[in-house]
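To start, the structure under review is shown below, and the notes come after it.
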Amino acid sequence: MLGKLDWSAIPFDQPIPLAAGGVVLVAILAVLIWVVVKGHLPYLWDEWITSVDHKRIGVMYILLASVMLLRGGSDAIMMRIQQAVAFQSQGYLPPEHYNQIFSAHGTIMIFFVAMPFVIGLMNLIVPLQLGVRDVAFPTLNSVGFWLTATGALLVNVSLVVGEFARTGWLAFPPLSGLSYSPGVGVDYYAWSLQISGVGTLVAGINLVTTVLKLRTRGMNYLRMPMFCWTTLASNLLIVAAFPILTATLAMLLLDRYLGFHFFTNEAGGNVMMFMNLIWAWGHPEVYILVLPAFGIFSEVVSTFSGKALFGYRSMVLATMAICVVSFMVWLHHFFTMGAGPNVNAIFGIASMIIAIPTGVKIYNWLFTMYGGRIRFATPMLWSVGFMVTFIIGGLTGVLVAVPPADFMLHNSMFLVAHFHNVIIGGVLFGAFAGFEYWFPKAFGFRLDERWGKAAFWFTFTGFWVTFMPLYIAGMLGMTRRLQHYDVAAWRPWMIVAVIGMAVLSIGVICQIMQLVVSIRNREALRDRTGDPWDGRSLEWATSSPPPVFNFAFHPDVRGEDAYWDMKVRAQQQSLEHEDPEYHDIEMPRNSPTGFVCAFFATIMGFALIWHIWWMVILGGLGAFATFVVFAWRDHDEYVIPAEEVARIDRVNLEERRSLVSMAGAI
Amino acid sequence: MNLLDPQGPVAAANSTILVDSVFIMLVIVVPTIFAILAFAFWFRASNTRARYQPDFVYSGRVEMVVWSIPALTVILLGGVAWIGSHQLDPAAPVPGTGSPVRIQAVSLDWKWLFIYPDQRIATVNTLTVPAGAELNFQLTSSSVMNTFFIPQLGSMIYTMNGMVTRLNLRADNVGKLQGLSAHFSGDGFPDMMFDVNVISPLAFPDWVATTAKSDAVLNEESYKKLMQQGIERGRLSFRLADPRLFDLIATQHIPPGPGPELLSDAGRPHSGGHDAR
């Protein structure tokens with residue numbers, strides 16, 4: 001009846017996951033009860049859960065990423081403490097638990113923190129920057145988000161029901177095959193990623209189509225803000241790479257469920273093929289994450305330097321070069337598998353070639369600052385911090401692309417330090433910069449600068465103190481994923497790293513405090529004009545938060561930095577005072593399709609993991625039926641009458657006029 | 001286990017390339033970091049002496065330079081990578097004094113088996129080699145993937161079931177080194193560290209003779225016992241019954257090692273974890 005599921009799946013004898021799971025469960029229940037009792041449920045359902053508004057979906061993505069960042073971060077803290085204490089002893093985490101933690105940490109941080117964070121920011125901002133009213137496929141967008149949330153949910157269910165993979169975040173066979181991992185851990189891993197992978201692919205298709213097909217008047221490709229370009233590149237990579245992941249995991253699952261032999265030791269299975277396939281997705285994935293971050297830095301550096309982006313066309317070229325070349329370098333993840341010298345050398349050089357456009361980007365940000373008038377608001381601090389940190393990550397990255405150096409450093413703590421250097425220093429700093437920068441746009445008030453700056457300095461310092469020692473440990477021969485060790489030379493560096501981790505945690509606490517303080521002082525921090533940073537692109541041309549239709553009129557773009565141009569022209573023409581003529585606007589209706597679909601996907605995923613076949617069929621049919629019902633809909637749009645549009649738009653127009661006339665007076 | 005304290009020619013060459021590459025890159029990285037900090041500081045809004053140039057958004061000359069700097073660095077490093085990959089290919093010969101020693105390494109769950117087919121002996125978790133001689137490794141795995149790595153001798157390489165990888169090394173100085181597995185292989189993975197005893201070439205035959213007197217015999221039967229999941233604390237040594245044992249393993253005539261014992265409740269979090277503690 002319940003497949004493999006019985007009471008032994010609950011780890012009653014393991015206090016840590018049980019307590020953690022219990023606390024989370026109580027917290028979720030408390031929030032749910034509070035929501036129901038206070039009568040917020042209809043509001044949440046109508047305005048958020050069923051919303052197909054790209055801004056709302058973007059915010060929910062970021063919320064998901066932030067919550068999962070805390071989960072992945074707790075895993076990181078537990079790992080650092082374990083390696084600090086497990087010298088000539090077993091530490092406090094037995095191997096089967098420690099191995100789950102580092103596998104979950106990697107999986108969560110990549111798939112459920114970094115991905116939703118950047119996808120959330122792209123969702124929130126790209127349609128605004130393009131001057132349009134929504135993404136190309138609004139309901140699909142909601143489906144994509146909820147499927148991602150399903151994946152995150154399943155990963156967390158594994159904390160209390162059963163176990164998570166103990167194989168590392170890429171689950172290499174044969175270790176992840178049925179013979180060596182007979183438990184449900186790998187199944188939790190694979191099904192979570194299959195379901196959230198569909199969500200990511202959907203989001204990718206949606207954003208590619210949005211950028212290619214929905215741009216406002218005059219917004220040709222070479223007038224798009226840099227963030228739109230990096231979004232395009234990143235989502236092209238999603239569309240090209242995620243199917244590889246899905247196919248690879250599907251093959252692994254066939255091995256595990258139906259006795260196939262794609263990646264087994266026996267019967268002609270080939271583990272090297274898994275390595276190739278997973279990295280053929282895995283390397284582009286890195287650029288899927290970091291390209292949007294590059295876009296964010298481009299926006300931030302240009303805005304806070306009070307200058308247009310230096311070498312815009314060069315940047316576009318560099319972005320697209322990274323997009324293409326990133327598909328040709330995957331083999332550098334296994335130089336030590338015994339491929340010949342020609343293969344190794346060619347892939348090594350291809351990997352270095354990516355450093356050229358990346359280096360160009362750094363120099364172009366540098367020259368954007370040159371001759372600028374730089375305001376060091378929090379987003380700018382993150383950007384400068386990023387530039388300094390990321391260069392070191394780039395240096396070590398090019399170093400491990402040299403095959404003979406990689407023969408010594410592969411899989412070492414040096415490598416761990418390297419990819420945290422680029423992912424924290426690049427993606428996470430970028431995500432935080434974007435969060436600080438666009439928060440006023442999303443919610444209509446700014447974030448507290450003092451807590452924001454404190455968060456930056458603690459995170460920045462904490463990062464360096466945590467990860468520089470790991471570089472050194474790697475140079476001392478320490479490999480990754482050690483649950484305990486006996487080498488005395490490694491110990492001091494593990495202790496320094498755990499201190500760094502503490503500093504990093506203070507940074508995270510500051511970030512939370514910043515949010516709390518800002519929400520409390522929101523009236524004082526209110527952004528009335530919609531343009532708190534003296535911005536340059538179109539998202540600042542509408543109110544904060546923007547009305548559901550984003551723009552009352554499709555903006556007319558006449559060059560790069562569209563909104564900056566408008567402000568300059570408005571000053572010159574001393575503003576047109578006559579009232580514009582408003583029209584009715586059609587917007588997509590909210591739809592529960594995404595949520596319902598994800599609900600059934602969760603049931604199906606859980607049932608697949610535990611081999612509860614009747615429930616699999618139930619979930620599958622439910623999800624399919626949801627789609628069918630949606631496909632048969634009669635009405636999918638509603639009309640906002642012109643008077644309503646006018647009423648909403650006039651308020652913002654007044655605020656904005658006073659701003660421009662003030663600026664004009666100066 | 002310091003990578004910068006090499007004890008053999010392969011490790012020495014690897015670490016030279018490593019250090020040289022870092023210095024080549026530092027030549028441009030350090031000035032760039034300084035420039036970032038300097039520009040950010042000088043052009044701060046409150047500095048009235050800095051000239052505001054909002055129209056400085058394109059300069060062909062600057063573009064030329066910023067594309068050239070990384071491109072030239074990569075051309076230089078690309079050369080290093082090309083030559084290095086060929087000279088330091090793990091399978092390339094490493095000439096040494098005396099006759100080469102053939103060693104067949106098998107990664108088991110979770111220990112290392114070293115077979116000396118010519119000497120007809122085998123050891124577990126200890127690798128004993130003569131200083132100065134070329135060491136020809138053939139490597140495979142009894143079950144999951146592992147990576148054979150002796151940091152101070154250089155280049156690591158994967159071990160995979162049903163396949164043989166090759167690696168040639170040389171240890172120059174008598175002494176004790178440590179090796180490890182550098183690819184996660186399950187619950188006993190941290191205990192896959194092994195000792196490397198580099199002894200003088202004169203002492204090596206003696207060691208071989210002593211080891212060959214061992215009571216324990218390594219044949220298919222005792223190998224199958226050895227490949228059960230578990231950690232081996234002792235340093236075992238065997239007389240080798242059949243010098244073709246490695247080939248039988250690599251060609252899967254001896255089937256791959258079993259995973260954890262299958263309990264009826266396979267979903268339990270502990271299955272297979274017991275041995276590791």
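Using the three backbone atoms N, Cα and C, a Cβ is placed for every residue, glycine included.
Note that TrEMBL annotation is computational and uncurated.
According to TrEMBL:
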type     : residues  : note
DOMAIN   : B:1-92    : domain 'Cytochrome oxidase subunit II transmembrane region profile'
TRANSMEM : B:22-43   : transmembrane segment
TRANSMEM : B:64-84   : transmembrane segment
DOMAIN   : B:98-210  : domain 'Cytochrome oxidase subunit II copper A binding'
REGION   : B:257-277 : region 'Disordered'
Which residues of the same chain, at least 6 past either end of the transmembrane segment (B:22-43), have a Cβ under 8 Å from a Cβ in it? 50, 69-70, 73, 76-77, 80
Within-chain partners of the transmembrane segment (B:64-84) [C-beta distance under 8 Å, separation at least 6 from its ends]: 13, 17, 20-21, 24-25, 27-28
Which numbers of helix, strand and coil residues does DSSP report for the domain 'Cytochrome oxidase subunit II transmembrane region profile' (B:1-92)? 62 helix, 1 strand, 29 coil
Residues of the domain 'Cytochrome oxidase subunit II copper A binding' (B:98-210) by DSSP state, where helix covers H, G and I: 11 helix, 61 strand, 41 coil
